[in-house]
Amino acid sequence: MDYSYDEDLDELCPVCGDKVSGYHYGLLTCESCKGFFKRTVQNNKHYTCTESQSCKIDKTQRKRCPFCRFQKCLTVGMRLEAVRADRMRGGRNKFGPMYKRDRALKQQKKAQIRANGFKLETGPPMGVPPPPPPAPDYVLPPSLHGPEPKGLAAGPPAGPLGDFGAPALPMAVPGAHGPLAGYLYPAFPGRAIKSEYPEPYASPPQPGLPYGYPEPFSGGPNVPELILQLLQLEPDEDQVRARILGCLQEPTKSRPDQPAAFGLLCRMADQTFISIVDWARRCMVFKELEVADQMTLLQNCWSELLVFDHIYRQVQHGKEGSILLVTGQEVELTTVATQAGSLLHSLVLRAQELVLQLLALQLDRQEFVCLKFIILFSLDLKFLNNHILVKDAQEKANAALLDYTLCHYPHCGDKFQQLLLCLVEVRALSMQAKEYLYHKHLGNEMPRNNLLIEMLQAKQT
């Protein structure tokens with residue numbers, strides 16, 4: 001079923017930038033992309049891209065590459081399950097509550113606009129992505145000039161999209177064992193975990209836009225209950241820093257040919273991930289799942305959570321010329337450029353571009369905790385046992401973020417979509433980081449007894 005919207009708000013299709021005609025298959029889109037998405041799903045069409053799977057999709061070029069257009073549809077959040085399989089007109093009416101909530105908030109925003117006597121300014125069309133970034137060239141630690149990986153093999157075709165717009169990784173559901181087992185329950189019976197593969201991304205998010213948001217309102221009744229609960233679950237930064245510093249000071253058996261800085265950074269990431277696992281264990285819904293589902297979710301998103309943790313630390317740091325480590329140490333970008341390999345430098349610069357975009361979006365702590373929760377549950381339901389509980393968490397997280405952004409940032413109606421697009425870039429960054437770490441692992445250059453190695457060993461199965 002298609003829902004109407006208020007034309008006074010003059011929104012643009014997130015796929016191609018054309019004028020939207022209503023709610024179609026999960027979000028506001030134009031008639032052209034609505035029809036294209038419906039035909040593709042109902043006819044089970046399979047497209048190929050003759051270029052690099054990063055074609056520009058806008059109003060004038062949307063028909064040139066159906067592969068990239070369909071990937072863009074999925075990336076921005078159009079729902080496969082909303083298309084009727086019987087080829088009848090209309091979609092499945094399962095997103096009605098979200099449509100109604102969105103429409104009510106837009107009506108409220110329009111009333112505020114009219115009352116205040118100013119016109120809503122919208123950003124440029126989201127269907128016009130920037131040029132694709134250069135080929136991934138990055139190294140993890142400073143002072144490392146070893147051989148750089150060449151010819152990274154691409155994974156299998158993209159899997160179905162998760163419920164938050166970010167592509168869900170195609171992977172088998174493992175049992176209640178593996179590298180995470182010892183962190184989820186006391187026993188540590190096994191090591192084997194199933195494989196997870198990277199997939200191409202339809203398009204990166206847009207560069208930072210100077211929206212000029214007002215400061216968000218303080219907490220209170222206007223903050224969704226889910227976000228308030230997540231704020232209470234956030235770990236204390238000082239305690240995390242002290243624990244990680246203590247672990248880094250413990251002696252370890254490092255490889256004689258391994259640079260000290262590289263080993264420290266790997267241990268730093270390892271301990272940060274342990275903190276993330278501890279956070280996940282305390283999260284509502286997640287702690288109610290069986291261990292197999294918990295491990296499946298974490299194996300899907302562990303690298304994204306690590307990357308997003310680093311990104312938000314830089315957003316808080318707020319300095320373009322340096323990065324802040326979890327230990328509190330500040331590293332100048334000029335130092336990274338001169339002492340790190342070209343691979344690490346490239347990855348750091350790409351991460352900093354996302355930091356600038358989130359600064360322009362004025363990402364706040366409430367949005368950060370909600371996005372982190374979204375990442376945790378961003379796996380397609382078919383890979384999980386408890387569909388009902390996870391689906392409920394997905395829908396509530398989406399609704400909470402939508403409500404919060406529209407209520408606290410009424411001058412930018414597309415902030416919700418822009419934030420979800422940023423998660424696509426987070427996943428792309430995490431895939432590149434994993435590819436590098438895996439090649440370092442194959443080169444026998446990773447530290448021993450490292451949890452990240454256990455996660456990376458999924459590549460070998």
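Using N, Cα and C of the backbone, Cβ positions are placed for all residues, glycine too.
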Quiz prompt | Which candidate, of LYS59, LYS119, LYS150, Swiss-Prot gives the annotation SUMO cross-link | solution = LYS119
Exercise. State the count of C-beta atoms found within 10 angstroms of the C-beta of LYS440 (1,2-diacyl-sn-glycero-3-phosphocholine binding site), not counting that atom itself.
Key: 23
Practice problem: Please list, for the DNA-binding region (10-85), how many residues fall into helix, strand and coil according to DSSP. | Solution: 26 helix, 8 strand, 42 coil
Quiz prompt | Integer average pLDDT (0 to 100) for the region 'Important for dimerization' (230-461) | solution = 86
